[in-house]
Structure formats: C-alpha cells, structure tokens
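Copied from TrEMBL, the annotated features are:
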| type | residues | note |
| --- | --- | --- |
| DOMAIN | 221-293 | domain 'DUF1736' |
| REPEAT | 466-499 | repeat 'TPR' |
| REPEAT | 500-533 | repeat 'TPR' |
| REPEAT | 534-567 | repeat 'TPR' |
| REPEAT | 579-612 | repeat 'TPR' |
| TRANSMEM | 109-129 | transmembrane segment |
| TRANSMEM | 141-158 | transmembrane segment |
| TRANSMEM | 164-182 | transmembrane segment |
| TRANSMEM | 194-218 | transmembrane segment |
| TRANSMEM | 284-301 | transmembrane segment |
| TRANSMEM | 366-390 | transmembrane segment |
| TRANSMEM | 396-416 | transmembrane segment |
| TRANSMEM | 423-441 | transmembrane segment |
C-alpha cells in the first residue's frame, strides 16, 4: 500500500525528480521517520507501471516475472563460466529458477527491488569477468570495468545490498581467475605481472567506498530507527540476548534456503523467539552452522592437502596434472577437463593468461566464490553494522540464494565424481533432480498463498499469529464480514496485547457499528500503547463531540494537532490525521458560533495539510465561516476552491448556490 497505492511519487503530477530525494515509501530521505530505503530505480519502474496501466496489478506482476526470468538466464550464463557446458550448469540454473524462497520477491510487487538489484548485480559481475579475460590483450578491458562499476551503482539504486557485487568481483578475480591461495596473496604483491590485478582491485575498492560515502551523505548521515516490534533483538537491553539472537538468525536463514518448508510474509515480532540464555538448545544450531562454514572456508582456501609444488608445476597425489595447473583430484579432472592440451607456454601462439581463461576453475575455487556470494550480500541484513527493520525477510535471500545454488551444485558434482559405482552416480543425479522437482512444487504451492491477501495472511498464522490475524482482520472487514473481523482482531491482541494498530483497528470497527463506549476504550488503549497515534485521537474526539462532550473533544483535538511527525514510520498518514483533527476542531468552534477561532484553526489545517489530503470539505467550511461573518467575496473564493479540488462535492454546490442566491 505505502510503496504503490499511497505513494505520491508514482503520480504524474508529482515531479519525477522527487523519486531521487524520497525513500522507497515516498517519505523524504532526510526525515527522521524515514526507513532510509533508497531505491529510486525500483520506484521509477513502479511509476512507469502506473503510467502504463494505472493500478491494474497484472502489469506489475508481469514485470516481476520477466525480471526473474532475465535474472535466471544471466545466472545460468554465469554458471557456465564455473561449470562449463553441460548438466551442472543446467542444474544450477534450475535450482535458482525453482527455489521457493524467491516467491516473495517475485509474487510480491515490492520484492521487485531485490530482483532488479540482482539483475544489475549479475550484469556488473559479468562485465568484470569480461574485464578479467581481456585485461592483457585489449584496450576494451577498461570499458568492461567501467561497465561493471556503472552496473554496480545501478544495482545499489535498486536496493542497498547491490553494492556488494564489487566485493564478489574481487573474490572472483583473486581466487577464481588467478587461482591464488591465501598464502600467495601477500607474496604476489611483489610480482610485477600482478600489478594489473591489484590495480583492478584498487578500482573496485575506490568505487565501492565512493558509492557508500555518497549513499550515507544522501540519507543525512544518520541510520534509520525502527520500532521494537520490527526487530525485537535490537531493542533488547541484554547484550547476551542481542549477541546470541543475531548469531542465530543467519542459521535460520540458511535453513530457509536448505528446507523452505515453512515460509511467511512476515517474520517480525515474536516469529523467532529471542535467545536469552546460553542453555537455549538453538545455540547448537548456531555452533554447527559456523563450524561448517569455517570448515568449508578452510578447505577451500587451503586447497587439497595432497597438493604440492614441483618445479613450478602442480602435482596431485604424486602425479602431475595434465595441464600443470588445475587442482582437481585426478578422477574429477578426467570428468571435467576441457578438451584442450598445450605442449608449452607459448604453443600455437597462445599465451599463459589465455590458456588460463580456457580452463574451468577447481572445486575449491568455486566453493570460495559460492561462499562469498552466499555471505557477502547477506551481511547488510545481519545487524552487524547497523540495525535493520526486520528479523527475517525472505526477499533479502534472493541475491544470496545464487551462492547457495552454486554451493549445492558443486557439492553434488563432487559427490558424483567421487562415486565409483554407476548406481551411486545415478543415485546422486536422481536425488538432485528430485530436489529441483520438490522445490518447484513448493514454489507452485507458495504462489497459491500469494493469490490474494486473505490466503497470504492465513498462511502466516502459524509463524507470526499476531501480525497475520491483525492483517486478516483488515481483509475480512473490507469484505463486510464484521463478526469474523472482530474475532481476528481479538485473536491478534491475544498474542500481542500492546499492538497500537490492532487496538485502533478494533476500535474503528466498533465505532462503525455504533458501539461507541467500547470503541472509546480501545482508542484509549491504543493511545496508551503509542502516544503519537494521531488517528486514535481523531476518532476519540469525533465520538466525544457526537456525545456532546465538547470540552473533552476540544482538548483531544488540540492534543492531536500538537503531535510532531518526527521518527514516525508514516508521516504522510500522520499529517492527514492531524489535518482532520484541526478540521473537526474548526467545526466544533463553528457550531459554537466562534467563527474567528474556526477560521484560525482552518488556516492552520491548510498549512499542515499533506499533498494527498482531499481538501474539498475543509475549503467548504472556510467558505461557510466567511459566509456567517458576511465576508461574501472570501466565502465565494473558498467555495470555488472546494469545487475546483472536487467538482462533484455536493455540500459545496449547495453552499455556493445559497451564496449566489443571496447576492
């Protein structure tokens, strides 16, 4: 709703340049309540969708699916560089295409930010791969690195994590293209032939630093602030709780990639209970996760324990490899070797760096790249550098899932190569095919959950009952299922009694069904839970005014009008409620015959009125006040303004007609 339906940046009357100054939700980026989610290219794509098809969702979904198809094609093409032509590249592509974790990013329109970022992420990486392969032979190589930098910038303008592609490019260059080991990096600094390598890495580092610096400056040099329900661990006073929980969350995310059985549209609040003690059994998962990660990293960076250098040539298990460079095991090499042989360094005019680019990277090199692709893009979501506004978000795993798919593929390939018997090879292959089929079936089922809001929220009840029941109540209310909606709101409050939005929504439902005393009770609870909830003050004042409690209503409206919009998640909605409060306060003064006071309040309302507020009733009441004071020219001006803002506003036609009859 906030990203598209109520986002003023999508409307044609809003200058398109506003997109570059506002966040993803249409709030000014430097505002204290802004999420600091700066994704102008994604918002621009929404604006184009809106210009072409308005609010018809079909076009928005079509663009998301086409983008996912393009990303899948690019990822498969990148996999060819690592696995060559054949089954392994196909398996990597199919794993990515069918993975259920992508459903939120593709089926949910706002997930387009992740898909667009991934598209330019891969374009940047492919440009850098091309730069590596042409670095010693063509001047066009600097065009490729420029393209890599520009695509990295575009990826970051789709979503923040896109900038991490620069780190992945550096990993590719060092560990995949140049096949360096950790112990070889420092000595290679002193070799003249590696100057271009480190010059390229320097360019990547400088460009990444510049992008991050500009991004930080553009958002006002301040991190965003979130409510405790968005990220409960960040709000915890206990250092131990924060540490244990933040260490555990990556483990939970990896499990969603491995076994995406339980998925949810929202993982905030208590969806993942905090780890408050070392004795919590989930800490075992954390230990196992990081131990496995360290083992994989050690295995990859150290290389084969049987590998040794002999006269500058690689020797494996006492036998020299056929190309003198690759570090697969002998059996694996026979399975994967590129059908090329070179008698010497310069045979047939092919130089060593050109020979190098024709050979497939080793298993260890691919594991290093896969781990980097899995971990580095996920780092911004780990709360390591700054707190984020979610506990787990499935769409955030869209880019890291590429590393997961590569890791699974290289693992399956290693098992296939190690298997000696044909039966075992077939078992590995069939198991992988079954995994892809099951992933695909789960994706189809999960897409069913995303067919409409009611199905989506019902599917999330077992993960986040408070949020799911509350949202389901809104849907049922829109369907005029009043008793079911009331039950849903009460269920939400059963799981989390201090949710101001749910207390307010229940009060609104009761007010619309003339249960005013109950509505007042829930509005007061909502205000107690969130003293800045202007809409609760507004409706409280309206009920009190209708009950004849004018003085109490006046105090309520005044208090509402004084609430600042600092650090509020949705300042536009807040300003609309404050304007409505002032409008009703003016009506109260008007009914009491205090027309001068009413005019002062109306003028204040006009000053505070946000762009999306419908002003026809306010303008009409301004005209009424001037009419009662016999200031007819001013009254006529405001009646005309009311009809200009909404030409079918019946009260303004009636009051303007009376004025014309009078004159």
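Note that Cβ sites are derived from N, Cα and C of the backbone, with glycine treated the same way.
Model confidence over the repeat 'TPR' (579-612) is summarised by a mean pLDDT of 92. Note on the transmembrane segment (396-416): residues 75, 79, 82-83, 88, 91-92, 95-96, 99, 101-102, 105, 111, 114-115, 117-118, 121-122, 161-162, 164, 253-254, 256-257, 332, 335-336, 363, 366-367, 369-375, 377-378, 381, 390, 425, 428-429, 432, 435 of its chain, located 6 or more positions outside it, place their CB under 8 angstroms from a CB of the stretch. Taken through DSSP, the repeat 'TPR' (534-567) splits into 25 helix, 0 strand, 9 coil. Within the same chain, residues 82, 121, 124-125, 128-129, 132-133, 148-149, 151-152, 155, 188, 194, 197, 200-201, 204-205, 207-208, 301-303, 325, 327, 356-357, 361-362, 365-366, 368-369, 372-373, 376-377, 379-380, 399 sit at least 6 positions outside the transmembrane segment (164-182) and bring their C-beta atoms closer than 8 Å to a C-beta of that stretch. DSSP places the residues of the domain 'DUF1736' (221-293) in helix, strand and coil in these numbers: 36 helix, 0 strand, 37 coil.
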